[in-house]
Structure formats: structure tokens, C-alpha cells
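Participant: The structure is given below, and queries will be raised subsequently.
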Amino acid sequence: MSIEALQRIISTLANKNDEIQNFIDTLNQTLKGVQENSSNILSELDEEFDSLYSILDEVKESMINSIKQEQARKSQELQSQLSQCNNALENSEELLEFATRSLDLKEPEEFSKAARQIKDRVTMASAFRLSLKPKVSDNMTHLMVDFSQERQMLQTLKFLPVPKAPEIDPVECLVADNSVTVAWRMPEEDNKIDHFILEYRKTNFDGLPRVKDERCWEIIDNIKGTEYTLSGLKFDSKYMNFRVRACNKAVAGEYSDPVTLETKALNFNLDSSSSHLNLRVEDTCVEWDPTGGKGQESKMKGKENKGSVHVTSLKKHTRSGTPSPKRTSIGSRPPAGRGSRDRFTGESYTVLGDTAIESGQHYWEVKAQKDCKSYSVGVAYKTLGKFDQLGKTNTSWCIHVNNWLQNTFAAKHNNKVKALDVTVPERIGVFCDFDGGQLSFYDASSKQLLYSFKTKFTQPVLPGFMVWCGGLSLNTGMQVPSAVRTLQKSENGMTGSASSLNNITQ
């Protein structure tokens, strides 16, 4: 090998050494950058996580670990590469020093031997096998975070808004068949609403609910839709107030403006002050009592408007204390044309209602005990005599059921009778159209027409009942059923009349 060749090798080694040193410097800078950038990223990460709540701590810790692992990985790669380069540089410097000394050898043989050794060592030198490109960069941007969108989302989190007050639509509300359907809507769409609360109460005052109304609000909770139907109601007040409020998961909103719906119906009790002494009367129940009159008649003579004999076995029937709009107790308002109502006596086992019907259409139902042997249901003028029986005068109309000796079912008026070829229903519905002069009887369940009287009522009428060996219970506070109203409009040949009874003697 010539001197020129060795010098070229030495020049190459020197350049390589410079290159390696430069690379070492680069690695050191990269390592420093990794440290600095990692610190900066951790600082930014801390700032991001500091803006979040403690529930994000677990996520934060996981991301910190990822950065540290990446830092450790890159640091390990660069430290390994840096160590290799230092070793290569050390070996290269030693070889360079050996090659430089070889130039001073005088003996050709020793020089040749040294040159071969230098050549072999250069060939095998690690400096020439090193990659002078960093295995990793100091770029840590792949681990940077940006929580601006999340922060924006968190900044939009607010308290759930209080739902606005719903609006009840009176036009969509329906009162029929002792049921009330209440419909409402929201003034604007609110997808946060979970359910509604409907409140109602009975009242005899029109217009807005009164603060000191005698009734408390009843509550129906957890209504999912915007409509609700209350069914099976007893209409024992003129009106009902309704209000509704919307609820989300956190809070209930304001009440709607209250709405008042008319629920007027005929409410009456049985007048125990004038009932036959053999009848035990309590509110809407009457029961035959064969021992009721014994020893009582002498005590009752000369006494007006006293209560009936003490009731010991009648079932209690709850009744509202709110008076009917036309409530007229016989004891408080004398019947037309006579003084205080005389007690029915003799074989007139009769009791009248305590409320007169003077106008309008009304409906009530009657149910007899299963073992009741004889009973009548109808209406009568207030002037019905104390010995008069329902259907045997021109002042009373009724249907009569007889289950004693032989079974008969008939319509009666003015001592005339018309047999009815229908099955006696479990409950009898009574429809009285005072202004239209009509009294009709129905199967209360199927609304089948049983019989209908056509007349002209010239005086107020009272619901009337006769019972012997059994008992009756009444259901009042009822609207005229829709089916009955429909049948009244299309009533056909099934309808009888008072005149049709004139030629039929009992």
C-alpha cells in the first residue's frame, strides 16, 4: 500500500471521526430535546388536566405513563446508539494513532506488516458499519394533546333548565261518561322532559281555583304522554280544576294555568225523614226492615222531619259533603202544595230522593239485592200521598220487579201496568228528561232500553223507590252516558208511553 493510499485512509478516518462527533453532538442535542420536549408536553398535559375534574385523573395518569414510556424508549435507543458511536470513535482514534506511527517505520517489512494490519483493522472497524442516522427523532408531537374541544364541551355544561309551564288545551279536553280527558302541550319543544304531573280537585266555583277551596289537590304522577284520562269519577261537584307541570330528571317546572271543566250531575241521597218506618235508610242505601215500625209510630207522631230509625247493619257509603247545584232537602224546603212531607205508611214501602228535578236531563243507577222479593224504581211528584204506591197514581211513573210467588217485570203508571218482555238487569239505569217529558229505563251495563214513558211533567219530580223484603243501593253523581244520549236520538218502536197504559188494568 502506498503512502497516498494510507493517507486517503487516514483522511477518510478523520472525516468519519468528525462525522461521528457531529452525530454524537446531534444525539446529545436530540436527547436534550427529548428531555425538554417531554417536559413541555408534560407541562401542557398538566395544564390540560388541571382544567378537568378529578374524574379524569385516571386518564391523565395513563397518558403520562405513555409519554414517559416513549421518552424512555427514545432515550434508550439514543443512549445505545451514542454508546456505539463512542466505542467506534475510540477504536477509530486508536487505529488512526497506530496508522500515524506506522508512517515512521523504516523497515519495509515492518511497514508492510503494519499497513496490512491497518487495512484489516479498517475493514473490520465498527466506525464504517455504523448508521449515522438517529434511530429515533426528538419529535414528541404524536403524544401532544389538545383538549380545546373537550373544554368547550365542558363549558357548555350547565344546570338543567327548568321546564316551562305546559298549556292545557280546553278544546281538546273531554268530559263524558263520568270520565275526564285532559290534554296539554308544551309552549316549545323540550327533549329534556321526562314526565308530567297532573293535579285535579273538585269544586263548586267556576273560574280560577280558589286558594281556600275546601278540597285538596289530587296528584297523578309519572305521566309519559301529553294526555290523561280520569275514569270512573263521581261527579259530586259542579266543576273540576286541573293543572299540570313538566318534570325533567332534576326538577319540576311551573304549573300550567289551571283549567276549570264543568262536571255537574244529579246528586241526591234518600230522604230518611219521610221514608216508611219499615225501611232502613242511609244516604244512598235502603233496606227492608219488618221490625222497623214497631213501637216507633207513637214516638213519631207530632214530630216533623226527624231521622229514620237507627241503622245498625247498613254498609257505609262515602259521600262528598259538597252540595249539589240543585240540592233541595225535603226537610228544608217544603214540597209544593203541602206542608212538611208526611212519612209513607201502610203498604207504601216508599222512600223518595231528597233532591227535586225541575229541569234538564239526569241519570242515576239502581242495584237490587239478589234476594229482593219486590221493588220499584221511578219518579214521582212531591204531592205523592203517604198511602200512595209508585205507579198506582197519575203522579208517579216506575218499573216494578216482583220475585215473589211469580216473577214479573212491568212498567207502571196511573194504576196501569205493561209487562216487559226483557230480562231484569243487575243494575237499572234511570234517565229523566224533565223538559222533554221522558222517563226511560236501561240495562246499566249494556245500555239496552227497557222501557220509556212519554209525558209532560207539570211539577218537579223526585226519584222514587219502593222495596219489600230486600234492599236497594243507588249510584248518583253520574252524567247521562253517551250511549243513552245516542239511543234517545234514535229511539224507535221499543218506546212505550203513558197513554199505552191507560187501557191495561193491573
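Just so you know, glycine gets a Cβ as well, placed from its N, Cα and C.
Unlike curated entries, TrEMBL annotations are predicted automatically.
So TrEMBL lists the following for this protein:
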type	residues	note
COILED	68-102	coiled coil
COMPBIAS	296-307	compositional bias 'Basic and acidic residues'
COMPBIAS	320-331	compositional bias 'Polar residues'
DOMAIN	103-160	domain 'COS'
DOMAIN	162-266	domain 'Fibronectin type-III'
DOMAIN	289-481	domain 'B30.2/SPRY'
REGION	290-345	region 'Disordered'
Participant: Under DSSP, the domain 'COS' (103-160) has how many residues in helix, strand and coil?
Facilitator: 32 helix, 0 strand, 26 coil
Participant: With DSSP helix as H/G/I and strand as E/B, how many residues of the domain 'Fibronectin type-III' (162-266) fall in helix, strand and coil?
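Facilitator: Grouping H, G, I as helix and E, B as strand yields 3 helix, 49 strand, 53 coil.
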Participant: Which bits of the chain, at least 6 residues beyond where the coiled coil (68-102) starts or stops, bring a Cβ under 8 A of a Cβ in it?
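Facilitator: Distal contacts: 6, 9-10, 13-14, 16-17, 20-21, 23-24, 27-28, 30-31, 34-35, 38, 111, 114-115, 117-118, 121-122, 125-127, 130, 134-138, 140, 143.
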